[in-house]
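Encoded as structure tokens, the structure appears first; notes follow it.
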Amino acid sequence: MQRSISLTAKRLFVHWNLQGIGNPPTVPSFFNLCGSGCWERSFASASGDYREILRNRLSDIIKVDDAIGLFGDMVKSRPFPSIVEFSKLLSAIAKMKKFDLVISLGEQMQTLGISHDLYTYSIFINCFCRRSQLSLALAVLGKMMKLGYEPNIVTLSSLLNGYCHSKRISDAVALVDQMVEMGYQPNTVTFTTLIHGLFLHNKASEAVALIDRMVQRGCQPNLVTYGAVVNGLCKRGDTDLALNLLNKMEAAEIEADVVIYSTVIDSLCKYRHVDDALNLFTEMDNKGIRPDIFTYSSLISCLCNYGRWSDASRLLSDMIERKINPNVVTFNALIDAFVKEGKLVEAEKLYDEMIQRSIDPDIFTYSSLINGFCMHDRLDEAKHMFELMISKDCFPNVVTYSTLIKGFCKAKRVEEGMELFREMSQRGLVGNTVTYTTLIHGFFQARDCDNAQMVFKQMVSDGVPPNIMTYNTLLDGLCKNGKLEKAMVVFEYLQRSKMEPTIYTYNTMIEGMCKAGKVEDGWDLFCNLSLKGVKPDVVAYNTMISGFCRKGSKEEADSLLKKMKEDGPLPNSGTYNTLIRARLRDGDQAASAELIKEMRSCGFAGDASTIGLVTNMLHDGRLDKSFLDMLS
């Protein structure tokens, strides 16, 4: 049998050379990558007898200098230590990921006449593979086989890893097939390595098929192998395939553990299959597989995000009853969900509970609560929480700063927001697109166009890319502050860029043109929307109708209303109220009354502006009280 494997292995190596790399490269003299300095340092003395260190204290070697010193002691010994002892040291250095050093020491051993064996050759092959030098790894393999050493499963698994990392995944699959043909029994490491490689190259179906091939060849996958496939599928969102794999495991009488179940449950939660996640949770519980903190946290977070508070509370109680203590992740999920639902009181209670349980809040806890305080205009408490986190050596990140800046801008305290922005920069944090856009919006709200534009220029200067939301904010602010010419310059630049303006962008510009008295320019832009592949929405129609009414072009406004009723979008409350106010201002009571009746038949009512206008006209006698009754 061994002879058969030997012959097959030699044929296999020839096959690899013909198929993959041509003639094998010259076998490296293990390239002295450290240079002569490394050779000299290698003779530095290490403390203690090398045999005692190799036997009992090898795990103590955590520094490169210690390893080099030990190697120096070993090569000074006469006779030389056995190759087994050298292998132990080389293996320890490889675990430090100092692959260059392993190869250099291998060269020095060869120079001193110390012959390598299967184990040291395997270490070198692994090092070359980890350094993505697959051709050199194959060359070493060729040399060791010529010397009569047959590769073992460890050697071939290292080579397999090299193929995967060198993006030669088809060669990796072929290698596993030929390993089986050669009589080797691929182990868990082999298959798990290949599975990771397949997922790395987006070959999920091949990874699943590999499981079936393993079974067909008599290599029953174990829990680790199944876990690797399940994890890969869930990361891609292929939860159906992951669930099918769970069924295959059950058919093969391999019981999935809590890690596999939790991975699938977490994936189901992320992809919004909350009921399926709960059913799987119940299934694992019925099978006696005890859920852990990760399982509970995934489900509780998902349930909170869907507003299923009773289910989340039930799970939290169940978790505590089983003496599985909630951790910071569990509390963060609950606090964040409560904050987003506007339940700040409940979020604060959970924060207090964390403190009582001696669970230290982290940056996510503080950021969620700061967001909650800002949402409820409790800015002083938000600032206090911000200062508290810093005092606890939990330093805010860009998201935390941006949240608090947004709170100050929303409360029209943009200067305080700007102070935070400067503080953030002093801490070495660069604001993101949201940070800059928030400040631009804040300055425009305060009617400070100069500072808004200054922030935009700084954003570009700092290399932070503006997005369409930034441009929409800039255009809206300029138009509303009477800076149409500047808005046009920005709009023309945006149209030339690769960024696609949205319907909101066009509506902003149409409104800006109409309010600046350039109704015809607004109409031209409106008519060109379809040519740009953008369908006008009800806001675009209402804006143009308002522009025509302001200009006194009643026929054009009526024509647009007719087009909306025929082709869509259907008129809304804003459409009718705009037209009613225009007719009332023109003194056309009959047309106003007709529009009011039509509006009421569509289920809409008069808005505050229309009712205010009618009330004023009633007071000065221009209207009859029946108009107000019609609107009510």
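Cβ atoms are placed via backbone N, Cα and C, with glycine included.
As the structure is a computational prediction, the values presented were derived from the model and not from experiment.
The feature repeat 'PPR' is assigned by TrEMBL to 152-186 (among others).
Outside the repeat 'PPR' (187-221) by six or more residues, the chain places 153, 156-157, 160-161, 163-165, 167, 169, 172-173, 176, 179-180, 228-229, 232-233, 235-236, 238, 241, 245, 248, 252, 254 with a CB less than 8 A from a CB of the stretch. The annotation repeat 'PPR' is assigned in TrEMBL to 187-221 (among others).
The repeat 'PPR' annotation in TrEMBL covers 222-256 (among others). Non-local neighbours of the repeat 'PPR' (222-256) in the same chain are 188, 191-192, 195-196, 198-199, 202, 204, 207-208, 210-211, 214-215, 263-264, 266-268, 270-271, 273, 276, 280, 284, 287, 289; each lies 6+ residues outside the stretch with a CB under 8 Å from one of its CB atoms.
Beyond the ends of the repeat 'PPR' (257-291), by six or more residues, the same chain brings 223, 226-227, 230-231, 233-235, 237, 239, 242-243, 246, 249, 298-299, 301-303, 306, 308, 311, 319, 322, 324 to within a C-beta distance below 8 angstroms of the stretch. Per TrEMBL, repeat 'PPR' is recorded for 257-291 (among others).
Annotated repeat 'PPR' per TrEMBL: 292-326 (among others), in sequence order. Residue counts for the repeat 'PPR' (292-326) under DSSP (helix as H, G, I; strand as E, B; rest coil) come to 26 helix, 0 strand, 9 coil.
Broken down with DSSP, the repeat 'PPR' (327-361) shows 26 helix, 0 strand, 9 coil. Residues or ranges marked as repeat 'PPR' by TrEMBL: 327-361 (among others).
Feature annotation from TrEMBL assigns repeat 'PPR' to 362-396 (among others). Across the repeat 'PPR' (362-396), the model assigns an average pLDDT of 95.
Among the features that TrEMBL reports, repeat 'PPR' is placed at 432-466 (among others). Away from its own ends, the repeat 'PPR' (432-466) comes close to residues 398, 401-402, 405-406, 408-410, 412, 414, 417-418, 421, 424, 473-474, 476-478, 480-481, 483, 486 of its chain (Cβ-Cβ under 8 Å, at least six residues beyond either end).
With helix defined as DSSP H, G or I and strand as E or B, the repeat 'PPR' (467-501) counts 26 helix, 0 strand, 9 coil. As annotated by TrEMBL, repeat 'PPR' applies to 467-501 (among others).
According to TrEMBL, the feature repeat 'PPR' maps to 502-536 (among others).
Using a Cβ-Cβ cut-off under 8 Å and counting only residues 6 or more beyond its ends in the same chain, the repeat 'PPR' (537-571) has close neighbours at 503, 506-507, 510-511, 513-515, 517, 519, 522-523, 526, 529, 578-579, 581-582, 586, 602. The repeat 'PPR' annotation in TrEMBL covers 537-571 (among others).
Residues or ranges marked as repeat 'PPR' by TrEMBL: 572-606 (among others).
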Long-range neighbours of the repeat 'PPR' (572-606), counting only residues six or more past its ends (CB under 8 A): 538-539, 541-542, 545-546, 549, 554, 557-558, 561, 564, 613-614, 617, 622-623, 627, 630-632
